[in-house]
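See structure below.
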């Protein structure tokens, strides 16, 4: 058998659209057996960005035999399955798209994605979209907080084209996933960058009887700007399987203060002689600290439940 390498573009019901890396031809891929052996229990054995080994068994049809190692994954907690659910793999950047006004910016959502990005060595970029409709006080405040922490923040509008050039610069020669809650204009932003994205989404939506212009599955496509992965609008981005003891390491503003805490195991909550809590509003934003406490509580509750 002549094994070839393929990149997963999208998939549903264990049927995948895969790109042969040499010829750049698209094939339909299925597992040789009932499931793909990956060596661990997981919700999504294959996602856009995965590289797989397979062989052609019929015209434009491939048996997928093996998934190659992933350099990283963008994941969230799937409560129903009680597992990490991989959304996309092998990416360089994640663009976290939020709205400047409505729907209201969800900083807790952004912070959770930032944590996973930091954990997986993915470069996060925060995009505040729909700025032609004005920017809320909350969005402006968090924009400044994130910029002060060193995160790149882009402000965009698909109507005035503001910030679109900067987004294209981020995409150049890289693999980038767009993620955001429903209604923030994520897919409209991608469609402005490359109209072929909308065509791809609509073809899949029509095939599986979904509404038009609705991303229901993660889908990867090669644009002139770079490789883009569009993802479904996500209501919640849980990270419950992250060990709660590690959470503090993903809030970069704690770094310069934590070394002065009396106790090495300090979680920066109510411990005595905590340099982090004594630095609130003096280098550490209270709003970000509130986010830390909320996420820490969720992680602790999950660990207690799991026991």
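Just so it is clear, glycine is given a Cβ too, placed from its N, Cα and C backbone atoms.
Counting Cβ atoms from all protein chains shown, residue 186 (GTP binding site) has 26 others lying within 10 Å of its own Cβ. The feature GTP binding site is assigned by Swiss-Prot to 129, 130, 131, 132, 180, 181, 182, 183, 184, 185, 186, 187, 188, with sequence analysis given as support.
If you look up Swiss-Prot, you'll see 261, 266, 268, 274 marked as Zn(2+) binding site. In the three-state DSSP assignment, the secondary structure recorded for residue 261 (Zn(2+) binding site) is coil.
Taken from Swiss-Prot, the feature domain 'CP-type G' applies to 80-237.
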Nearest of the binding-site residues (129, 131, 180, 186, 188) to residue 274 (Zn(2+) binding site), judged by Cα-Cα distance: 180
Distance in Å spanning the most remote Cα pair of 129, 130, 131, 132, 180, 181, 182, 183, 184, 185, 186, 187, 188, given for GTP: 19
Spatially closest candidate among 131, 184, 188, the listed binding-site residues, to residue 268 (Zn(2+) binding site) (Cα to Cα): 184
Residue, out of the binding-site residues 129, 182, 188, whose Cβ gathers the largest set of other Cβ atoms within 10 Å: 129
Among 131, 184, 261, 266, 274, the most crowded of the binding-site residues [Cβ within 10 Å]: 184
